[in-house]
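J.: Sharing a structure here in structure tokens format.
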């Protein structure tokens, strides 16, 4: 089967762009574990101006859904972004963060059954069991082998549980967002208004943002610029490139192909986090990651319908 040149380029862009994005994110989080809010703020600011200039034509594009519904969807997206990044400040190591976000399959199936009254084939339930076990095993491994030897169990476990609660909450909000009738209007084109509306709410966490800006400014100077600012710029650009490439692939490839590619990207990012950054990854983490990988691939496989 011949694959178009630009499809191959987009696939390579997803792997390189998305993995690079995680690398720069980890550099920033290691410099300041509370920098997540600042990172999200500048990501929103960048996409707002990019969309305003190149896609919205400075406000000339008309909105196609009611403002009230649009604001609700935007705030849900904002909540998911902030909650996911806040979890990194709660003793959630990057490998567990990557593995846990695969729990979107679990949330999609369980809430789909409970809230949407949907029915799923047995294979989907088996896949979700694999993913759930993988997340559970990885969480247990992280709580047992805490990376900070000086931190007591009484202090680390509650903090870890808070981080897990934040990730779980983000998964639930994401489920309701992607099941909104107009969700494709929100998430496909990266519209500038999606990132404009939440900007005033960053004032609540302004002290944290300002504090981390000081940390950025005090980092070593490279090419006349503080190094952490370079990492932040590269994080924002690679995230933008990654998302654009993924949405391009959704228009030219099957959902299975895109799912497999994203799963491969997560696996490569996990290897980089463990091998390059030296994050603790025990045998239990390996087992948990394998369960999540198997479950994700099983969930993505098409179901053969019987006549």
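Positions of Cβ are set from backbone N, Cα and C atoms, glycine also.
Sharing the features that TrEMBL gives for it:
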- 7-29: transmembrane segment (TRANSMEM)
- 35-58: transmembrane segment (TRANSMEM)
- 70-88: transmembrane segment (TRANSMEM)
- 94-113: transmembrane segment (TRANSMEM)
- 125-145: transmembrane segment (TRANSMEM)
- 157-177: transmembrane segment (TRANSMEM)
- 197-216: transmembrane segment (TRANSMEM)
- 228-249: transmembrane segment (TRANSMEM)
- 256-277: transmembrane segment (TRANSMEM)
- 283-301: transmembrane segment (TRANSMEM)
J.: Which residues, given as numbers and ranges, are at least 6 beyond the ends of the transmembrane segment (125-145) yet have a Cβ under 8 Å from it?
T.: 92-93, 95-96, 99-100, 102-103, 105-106, 109-110, 156-157, 160, 164, 280, 282, 284-285, 287-296, 298-299
J.: When you check the transmembrane segment (94-113) against the transmembrane segment (283-301), do you get at least 3 Cβ pairs under 8 Å, counting only pairs 6 or more apart in sequence?
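T.: Counting Cβ pairs under 8 Å, at least 3, so yes.
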J.: Between the stretches 7-29, 157-177, 228-249, 256-277, which wins on the count of C-beta pairs under 8 angstroms to the transmembrane segment (197-216)?
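T.: The stretch with the most close Cβ contacts to the transmembrane segment (197-216) is 228-249.
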